[in-house]
Amino acid sequence: MNSLPLAISLGDPAGVGPELIVRCWQTLADTDCGPIAVVGGANVLRRAAERIGIDLPLAQVDRIADAALHWSRALPVLDMADATYTPGEPTADGARLALASLQAACGLARSGEAAALVTAPVAKDNLVAAGFAHPGQTEFLADRCGIAPEDAVMMLAGPRLRTVPITVHVALSEVPGRLTSEKIHRRTAIAAKALQRDFGIAEPRIAIAGLNPHASENGRFGSEEAEIITPAIRVLRDDGHHVTGPHPGDALFTPRARETYDVAVCMYHDQALIPLKALDFDEGVNVTLGLPIVRTSPDHGTAFDIAGEGIADPGAMLAAIRMASDCAARRRENESRS
Ligand SMILES: NC(=O)C1=CN([C@@H]2O[C@H](COP(=O)(O)OP(=O)(O)OC[C@H]3O[C@@H](n4cnc5c(N)ncnc54)[C@H](O)[C@@H]3O)[C@@H](O)[C@H]2O)C=CC1
Ligand SMILES: NCC(=O)COP(=O)(O)O
């Protein structure tokens, strides 16, 4: 168990994040996942709990270290920015709060005051209006941690599947131009190292998808497999990684195929996220690999359409908190051994 708290950023206060955090605290309080602390938004959390009929004990703390004193009987919330609770109706104030919470929570993880960072969902376009200059939180965290955006690797992880998209938040038409052997090699190697360090998989089995239908059918439907993906696979194998591919994307996620690998490396966002969400939506976690901090998030977004109705499933947020706790503990253990 982590003795340090996990820092939870509030996400967009008009989304499902606040009510899910409340539900997660109810489930996790005093369990071996260790203390959690929400960074800002006490009023939002209180109102979200009221709205879904939960009598929420809340402990406002000045220092995250104090969360451990309270979390078994009250949800610890760091006293800072706040906003009005307007479920389903995002506001500029709410976006500013989401950004302030993300920035402060990231700072706590980086300084070592928090064991890990768990981010509740944000709406990227609203954040941009609040001054956010990154395609997503993944790239923001890379920037804050002083690493190249390409080296912060998104992985979606559920009980049945793990996937890594090589390109992420870009238009589909730009994907072929953005794929390079170097990028596939580098991001796959980062994922392999993180699976060892944070997930305890000693020799990760990696399956790499093609880009084109039938992985190009020997060049009939495109050249990226031969020119970009296969050379990357060769170098990864030379480095000692257990890699197969390029596999036709449509065959890679069948039940039998999934038994043959620990992670599927995919060429674009939806190739990686569609199978994960189809299989594991209510338990899916978005984890950022390659950072000096541990960061997880639920696989879903703000779900403005159901916010405040009390019907949002807390499973993915719970899985994100548990995974952050496990990864942080494993990383600390590995570091103390080396
Ligand atoms: N981790 C993050 O911060 C993420 C943020 N987003 C952002 O969220 C916003 C909305 O994105 P969408 O594509 O609409 O995806 P979404 O995941 O918010 O919603 C898609 C569908 O799933 C449902 N849903 C989502 N979470 C649910 C839950 N916990 N329980 C039950 N049903 C749930 C929604 O009601 C909706 O019908 C966008 O601005 C996007 O950028 C999207 C994915 C991840
Ligand atoms: N589709 C995943 C997603 O949008 C989450 O991105 P990030 O904000 O975690 O970078």
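From the backbone N, Cα and C atoms, a Cβ is placed for every residue, glycine too.
Residues HIS169, HIS214 are given by TrEMBL as divalent metal cation binders; from HIS242, HIS247, HIS269, that same site also lists HIS269. Taking the C-alpha positions, the distance from HIS214 (divalent metal cation binding site) to LYS277 (substrate binding site) comes to 22 Å. Of the binding-site residues HIS169, HIS214, HIS269, LYS277, ARG295, ARG295 has the largest number of other Cβ atoms within 10 Å of its own Cβ. Note: ASN286 (substrate binding site) has non-local neighbours MET154, MET155, LEU156, THR296, SER297, PRO298, ASP299, ALA320, i.e. same-chain residues 6+ apart with C-beta under 8 A of its own C-beta. In this structure, ARG295 (substrate binding site) is part of a beta strand by DSSP. HIS214 (divalent metal cation binding site) carries a helical DSSP state (H, G or I).
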